[in-house]
Structure formats: structure tokens, C-alpha cells
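Single-structure report; data block below.
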Amino acid sequence: MNARIDIGNEAFSAAELATAESRASATPMMEQYIEIKANNPGSLLFYRMGDFYELFFEDALEASRALGITLTKRGQHMGQDIPMCGVPVHAADDYLQKLISLGFRVAVCEQIEDPAQAKKRGAKSVVKRDVIRLVTPGTITEEKLLSPSESNYLMALARIRGGAEPQLALAWIDISTGVFRLAETESSRLLADILRIDPRELILPDTIFHDAELKPVFDVLGRTAVPQPSVLFDSASAEGRIARYFGVSTLDGFGSFSRAELAAAAAAVAYVEKTQIAERPPLGKPERESAASTLFIDPATRANLELARTLSGDRNGSLLKAIDRTVTGGGARLLAERLMSPLTDPARINARLDSIGFLIEEPSLCGKLRDTLKHVPDMPRALSRLALDRGGPRDLWAIRQGLQAAGGLADLLASAMLPEELDQALSGLQALPAGLETLLAETLADELPLLKRDGGFLRDGASAELDEVRALRDQSRRVIAGLQLQYAEETGIRSLKIKHNNILGYFIEVTAGNAAPMTETSEAKSRFIHRQTMASAMRFTTTELADLESRIANAADRALTIELEAFDRMTAAVVAQAESIKSGARALAVIDVAAGLALLAEEQAYCRPQVDGSKMFAIEGGRHPVVEQALRRQAGGPFVANNCDLSPKTGDKDGAIWLLTGPNMGGKSTFLRQNALIAIMAQMGSFVPATSAHIGIVDRLFSRVGASDDLARGRSTFMVEMVETAAILNQASDRSLVILDEIGRGTATFDGLSIAWAAVEHLHEANRCRGLFATHFHELTVLSEKLGRLSNATMRVKEWDGDVIFLHEVGPGAADRSYGIQVARLAGLPASVVARARDVLTRLEDADRKNPASQLIDDLPLFQVAVRREDAARGPSKVEEALRAMSLDDMTPREAMDALYDLKKKLK
């Protein structure tokens, strides 16, 4: 019996277990465990023993801590107690869910023979076991382990060296839906691309994992990044591996891919094969994404804007939660995908907007579509489980219900003059196999069990043989009732019962005090065969009861066999139509997203944005989509709408920059964020919270609004702010939108002012982007006199009887103060502190009037950044070219000295 113990925190590691000494001293069962564990490094081993999955040694320590389950011991190994813990097989999914959410990987090891078979090989033979599946965060398909509204991507990162710069590429697969995509990337945008796709698991060569340049990326990803042997990413064999998976001789029909993309795709496929053992999920053909096709949003911006989750990790309070009106799992995932990857192609964006506009104009049709969509199950995930032999009767029902709903939606749309996107969706629905829905409807019962092994999922009439077997089973129940009555009358024991359990099968049970008529005579003893005596009862059987039990057991076995054969036939019919089912499911998701965004637009009074290839950014009556809804829920009054116009001024080709000043609590940060969110919503193809909006395509969006310490990496708030600002100034183009809030506030006043001043100049002269720059450095407002595309804007306030009222309105002009002392008083600072602060402020303001910033600007030369950029654009110097051409490893010392003199001459 296992005892509760304090085993401590030490146990044999996997490497120590695998030694020859360890194996030699192990029991036969433990030797088997050690061998299987050695073949599955990096995974917790769920080792099946009867009705439990047991974990031993280091795995037991980790699992007991992670799951909060009791740590016990099972014997000793090499003189040390063997730590052990376990989970019941019937509840394994619940424990797997927790382990996977914590980033663990689990190897599921099952008994692949009956213990009776093992005994035939010898009394001490160990039951054969093998790993049937590796469960990892990126390769799960079980409904209980997946979030219906989130994709579950496995991603692979590959690098090919050669040429001036190494090639990097990403491939990502969701085996629960069959999505398979790939794209090239660069080290400078690698983290941004990974976070945009948001994989649950990233595999990469161990050589890249230990690359110092990319280490900061993997530090952010934590346990999501999993190093693998570099051979998995071999580009030479990549094309062949992918072709074999899809059963084709060449990838010519799939499109053109770079070597790095093929290496990443092949590694992802190989990892899927490795984790699924003998099964193959039905993946779609790999689709290539161009980096230029989506709006680039850097990691800091994505976090600051709280697109899918808040900074605390909650979905509530995010933009996605605020705009999600979808009613299907596929629709929710597609909406999230569009939000995280807004487009840069006006034609594709406007096609999405056309769908929303059409459904707004057809409210009755939109309502009927949504009513039908509410009954659509998650067909892609049901299909994947069926293809991987993990499906059940309810997955077949999901396919049947989805096909039925698709037919209803097609009927609703067929007579309408549809815009392009909805017309393509209709074609996808009409291409679904009509006969498959009929087959499933005529075969599946109305009430379905969870597991196919439970039987009872075929309706009466689906199989004549099954009907016959079921009749025998039902008839047997009546026969048993008759036998019970007969035996009671024959013995005179009115309390006699016929019962059943898994050990004895069917048996007759009477109380010990009433058993005499069944035991006193030899005739009675020969008729009622004694099976078991208990404290208060005795159990018997008869020849006819044993015969009946045999017939019932055979009938039940035969019934289940018939049902399982029918299940396999239905599954094969479904999997044969996998491509059309996935296309139809995608069409359902497109309709769901369009209908949901149409409802959102009507409900929240959003407008259709004008999106084109210009550099316009003109928002009238813009609102923050999340804050506005929160105010409405809390009855906090209407949201104050504001205009924002960063469009090129007359005669200028580049967009404008607004320098925004105003008090704390005046609404600056909300105004900054809402304009960034409006740009994202417009380019994802959604109506936006404004009365009108004209947005020229934004290629890159940067938002530095708020910052915090990064203690884990030894970076202060100011350092984090500077790193994020550097990324913006180095990467923003003339098509970018930049949102900056209070740059320079984390250091000394003059240092901060100087940095903010230089940053504004750089944005205006070098980046030439559209931007909003909020600041408390009022000295910066004088820059509008010299920078033609810079305009001052301020958050308006009203002073009344010594108090300040925040109007949350944006207007032209500059604030002359920040009202920080008034805010401090509202926050409850002691009156003496507030009074002293007023006195200090008065003295500082008097000193500032003697040296105003307007004098400073006349003394400072502007546009130096632009001059330096022009110098850089002239190309490398002769010295740089000569250095690049040198092969230093092949030079003699004399040749190196000559080369150095030659370089010195070139400098002259």
C-alpha cells in the first residue's frame, strides 16, 4: 500500500535513470518504465497501471507540485525511495488540461496487452506498454483542453545561413482545425510576428535557441519555446517530407516557398507526426503569408493597446471582448485572427466592409443568419478528432448538425445580391456534400453517448442485424424477470432477487436466514449452485441462468461490434470529405464574423471607414470602443467624442503630427489609444467608433503609452521607455502611425525635455509619419513655429471656484499648465503638502519666465537628423568597401600591415 511521505525535492533525473547501473538494478517493471522514459525526454510520462496513470521519480515531484496531488512512494531504486503520484484514468483529461496550461508536455503510455496475456509468457512477465501519444500545448485536439474561441497553434522557426543575411521563416499549424501557414520574417520583427500569431508552442533548432542575438525573444516566450534537434529542420529533405505527408510527388501545385519556409514547414509536420504517433491530422495545404500584407504591430504596442487581453492577462476589458458578437467557435477564432493581423490591402479591407454594410442594410436577413449560426457546432475540431481516431458519436453529430445549418444558411443567402466576400462564402456552403448529412441523420440516434465504446448511438432501423440483437437483449431482460418470479415461487422465498455485477455476472441473492430451501436437499443443491456466502446473504446460480447470461453477453458484444463498425464507416465517409467540410466551416466563420460586426455597428453606432492608399487620417467624433461600452454598462454618462486629423496639410505629401498637452486625468491616454484602435479596427475590416473616418493605409503602428519596470531583465521604467522609443524611431516609415505618451518623464527634467524634443524632431524630419505625441513638457509647444507639419492640441479644462473640471475635449492650442497639484489634492494629499507644492510651483514658474523656451528654439539648429540620414543614404565609403572585401583569416602579418596603410590613405 502506498503511504503518504515527505519525499523531499530530490529524485533521480532522467539522465541518471538511463545509466547502465540504474537499469541493471531495476525491477522488470521499473526497467520498462526507465526505457520508455528515456525514449521520451522532456515529457512527463503518464504510465498506465490499471485504472491510474502513475508518475515516478523526477516526474512525480514535478507533477505533484503542479497538480497539487499527494506525493507517495513505491519501493526503492538503488537504495532510495521512488517518488510516485498518480491520476485516475477517467479524470485524466482534467489533469492534462492543467499540465498543458502550465506548459508541460506529457507522454501517454498505455498497456497494449491484457495482463492475462502477459502471464502466459511467464509468471513474472511485465505487461507490454508503449507511448500512444505525446500531448503538448501545440498539438491537442480534445474539446475539454481547447478554448473554443482561440486557435491552438504549433509554430516552427527555421533559419538558413547563406548570403549577406540569414533567412528566417515561421510555419504554424493548428491540428484541431487543419490551418497550415508560413511566412518569412527577420530578426528585428521576429518577436512581433510570433506574438501576432500567438502560438501555444514554438519549436526551433537548439542552435537558434542558444543564439545570443535571439535570446531576448526566447526569454519573453518562456516555456512556449522548445528546442529540438537541428536535424528536424534540415532544408535538404524538407520538400520530400512535406510531399510525403500530403501524398504528392511534388509541391509545385502548392506554390513557391523559400528554403527557410520549407525547413520550418517540414519541421512542423515532423513534430506533428512525432506527437501523434500513428495518426495524421487532415491539414490544409500550406498557405504563404507576405509580411507586407498585414499591419505590423510591435510587441509593446500590442500589449499596451490590450487587443486580445488586458495587461493583467484578462480577456474582459480587451478590445476583442468589446467587439466580439460572434456565436460560433470558428467565428470567434476568425475575428481574433483578423484583429491580431489587420490588412494593408485596401481592396481586401473594403471587401470585408462591403459584407458588413450589406448585412446592416438587410437586418431581417442578418437576424435569421445569426439565429441559424447559433446552432452550428465546431465542425473543424470535430473533424480533426474523428480523423485522429479520438472522436466520438457527438463529433459525428457535430458534423451532421453543421451540414444541416450550412444548408439552411445557403437557402437564406441564395436569393440575395451578395457582395464578393459573402458570395464566396455561399459557394463554399453549396459545395458541401449533401448526401453526408442524410447518411448521418438516418444513422445516428437522437440521444448520443460521449464515448463510442458505450454503444447506443445508432438509431433503431439503422441496422437490421443490430435491431435483432437488441431485441434479444431486451427479451433477455424479460426472461430474467420471469426467472426471478419462477425461483421465488419454487423456493417460497419472496425476497429472492436476481442481480448482476462485473465479478459474478448474474446471480440469485437471498438473505442468509432464508437460504434453507436452496441448501437443505441434494436436489436443491444440484439446482441452485452456491457461488458466494456473505455476512447477511448467500448467492447462487443455475444452469439456465448461466446460459442466459452467456446469450446476453454475446448479444451485447455483438451489438457493440456492429455499432463500432458503423462508426468507422461514418467516420471514413466524413474524413473523405475533409477538404469540403473545412471550406464550408471557413465560410460559416466568415458569415458569423460579418453578421457579428454588423450587429456591433448598429448597436454601438459605428460608421464605415473610408480606407484607401492615401496618407489621410481624419477621424470625426471618434470614441474609445472599450471605454465607451464600460461607461454605458456603469451608467457613467456618455463618452466624449473627439476629432483627430493627421492628414497631410495642403501642399504636403506626408501626414501631420499633433503635440498634445493637457492635465493629468484630462483624457490624453484615452484619446491616444482610441485613435490607434480605430486604425486597427478599420484595417481589420470593421466599422469604427466614429461619425466619420478616412484612413489611408498604415503599414506600421507603434504605441508607447505607459511603461513599467522589467526587473527580470534588470531594466528600469525609464530604460524600458527608451528601448521602446528607440524601436519606434528606428522603424517607423512615412506610412506609419506613431502614438507616444510622455516620453522622457522617467528621468531628470532637462534630460527628459531634451530627449522628447529630439524625438519630436526625428519623427517630423526623419520618419515623416503620422503621429500623436502627448507631453507635460509645455516647452515643446514652441516647436510648432518651426516644424511645418506639427500642430498643437490640448485637453480642455474648466476652472471653477478653485477647482478644475476635466472636459475630456480635444481642441487646438497648448496647455499652459498640467494641473498636477489639483489632481494631487483630489487624490487626498495632506493640505500642508499641497500648499507647499503651490509655493514651490510659483517660484519655479517665475524663474522659467526669465528664460522662456521660445528663446531656446532660436538658438538650436533643427533638422540635424535629416542631414545625417541623407549622409547615410549616399552608401558605404571606400574604407567600408575595402574592409568588407578583406579576408582577414587568409592574410599574412605583412599583408595586414599593408592593408592598414592603404586604409589610412583612403581616409585622407
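Placed from the backbone N, Cα and C atoms, the Cβ positions cover glycine too.
Since we're looking at a predicted model, the values are computed, not measured.
Pulled from Swiss-Prot:
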- Gly662, Pro663, Asn664, Met665, Gly666, Gly667, Lys668, Ser669: ATP binding site (BINDING)
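Reduced to three states, the DSSP call for Asn664 (ATP binding site) is coil. When the binding-site residues Asn664, Met665, Gly666, Ser669 are scored by other C-beta atoms within 10 Å, Gly666 scores highest. Set side by side, the binding-site residues Gly662, Pro663, Gly667 differ in how many other CB atoms lie within 10 angstroms of their CB, and the most is found at Gly662. Cβ neighbour count for Lys668 (ATP binding site): 26 (other Cβ atoms within 10 Å of its Cβ, all protein chains included). The residues near the ATP site, meaning same-chain residues not in Gly662, Pro663, Asn664, Met665, Gly666, Gly667, Lys668, Ser669 whose C-beta sits within 8 angstroms of the mean position of the site's C-beta atoms, are Met795, Phe806, in sequence order. In the three-state DSSP reading, Ser669 (ATP binding site) counts as helix.
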